Amino acid sequence: MIDNQPKKTKAYIAGVNLNDPNFDYYMTELANLTEADNMEVVGQSYQNAESIVAGTYFGVGKINEIRTMAQGLKAKVLVLNDELTPVQIRNLEKLTKMRVIDRTELILEIFASRARTKQAKLQVQLARLQYELPRLHPSENNLDQQRGGGFANRGAGESKLEMNRRTIGKQISAIKKELKAVASQEEIKSARRNQSRIPKVALVGYTNAGKSTTMNGLLKEFSKEGSDKEVFVKNMLFATLDTSVRRIDLKDNFSFILSDTVGFISKLPHNLVESFKATLQETKDADLLINVVDASDPNMVQMIRTTQNVLDEIGVKGIPMITAYNKADKTDRNYPQIEGSDILYSAIDPKSIKLLADLITKRVFSNYEKLNLNLPLSAGKELAYLHENAQVLSENYEEDGVHIEANIAPDDQSRFEKYLVNNR
Ligand SMILES: Nc1nc2c(ncn2[C@@H]2O[C@H](COP(=O)(O)OP(=O)(O)OP(=O)(O)O)[C@@H](O)[C@H]2O)c(=O)[nH]1
Ligand SMILES: [Mg+2]
């Protein structure tokens, strides 16, 4: 059989365990990330230690062991479980004769390969440059220094370093400026959404949990535009890097705005989270979060914790949340099923999607109040506002005005007080 697949680079993965109960889970993630970066994991090892060795990350014995093992397995790349210092990376490359990639660089590479839109590309580029800046080192300009020979030329390498730093610094400012321009466009749209009383619901969660599939499921069931508005779904880490915002129109005039965004993983590089601030804004502005969890994954509990940690890091606090246990079709449990404020479902099952929509409706509109109003026929503007921002249950044009029964947001209730009919 002819194998047309290009051969994947073989990688050896390793880490130092500082007595962390989640260490095995982090190594599993590291293996998945390495595969997601188009490499093949051929082996792994770890070292239990009290602390990281400052200059070389591992102790000498471990480095020798890794070099021997990795060479035997023909690994070309050594992938490490933490963010390393530039000195540690350089020393390990010398000692192992392999390319060394730390966890941060690995995640940045994956994001770079996935970025499609201008905003995502700029955000990843910014995070990469910020990662590189402190990693520029005079020794990387050895050639210049050596070529010059002699003492007199010693400054040449350093000035090149300065030059590189300045160039990267300039690139960073330019990208930040461009990002601001892109973000302000988004802000205008988002401000418009914030002005409206339509509730905002945000899908969040671990990467590959099924957020985008859930969004498409809701769109298929409840959006007039249907499949035109569907988002990209794929069985891979970080399929989504942008935020998509769609309007979902449920029965009985219930509408909400739904957003789907980038997924999370443990130890997301801080720079990356910082760069993706604009993308994650929709999550911060939400009235309700749906935390999508892959219920068929044995590491489900750690994944939930990871999502909580990232939400804390980006400053998402106090927003009500539904935990949505997805992929129930891959478990032996009965679904769909509501369990308190949570749901067990499958995003590819229409019945599940309807139950999820019911749960969202209940949660989002729980503090709305059902009011009976009588609006004069001249109050066209108020009527339009109600249709846009409340759930209009019934509407009858009578001689004395328009009789309306509607569920109205707490903030809007005073606005319609004067039209109240006292028959509640
Ligand atoms: N069997 C099964 N597969 C599902 C279900 N939901 C999603 N998937 C699959 O899981 C994979 C990931 O789905 P996505 O919707 O792209 O996941 P995501 O959370 O948006 O992932 P990222 O954007 O990468 O963070 C795809 O192959 C989906 O087809 C489900 O309920 N059952
Ligand atoms: Mg997605």
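Note that Cβ sites are derived from N, Cα and C of the backbone, with glycine treated the same way.
Those TrEMBL annotations? Automatic predictions, nothing curated.
Taken straight from TrEMBL:
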type: BINDING; residues: 205-212, 238-242, 260-263, 326-329; note: GTP binding site
type: BINDING; residues: Ser212, Thr240; note: Mg(2+) binding site
type: DOMAIN; residues: 199-368; note: domain 'Hflx-type G'
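In this structure, the binding-site residues that sit close to ligand 1, with a C-beta under 6 angstroms from any of its atoms, are Lys211, Ser212, chosen from Lys211, Ser212, Asp242.
Closeness to ligand 2 is met by Lys211, these being the binding-site residues among Asn208, Lys211, Asp242 whose Cβ falls under 6 Å from the molecule.
Within the same chain, residues at least six positions away from Asn208 (GTP binding site) with a Cβ under 8 Å of its Cβ are Asn235, Met236, Leu237, Ala239, Gly263, Asp294. Counting only same-chain residues at least 6 apart in sequence, those with a Cβ under 8 Å from the Cβ of Ser212 (Mg(2+) binding site) are Leu203, Val231, Phe232, Val233, Ala239, Thr240, Asp260. Look at the binding-site residues Lys211, Lys327 and count other Cβ atoms within 10 Å of each Cβ; Lys327 has the fewest.
The local packing around Thr240 (Mg(2+) binding site), expressed as other Cβ atoms within 10 Å of its Cβ over all shown chains, amounts to 24. Gly205 (GTP binding site) falls within a strand segment according to DSSP.
Counting neighbouring Cβ atoms within 10 Å of each of the binding-site residues (Ala239, Val262), the lowest count belongs to Ala239. Counting Cβ atoms from all protein chains shown, Asp242 (GTP binding site) has 18 others lying within 10 Å of its own Cβ.
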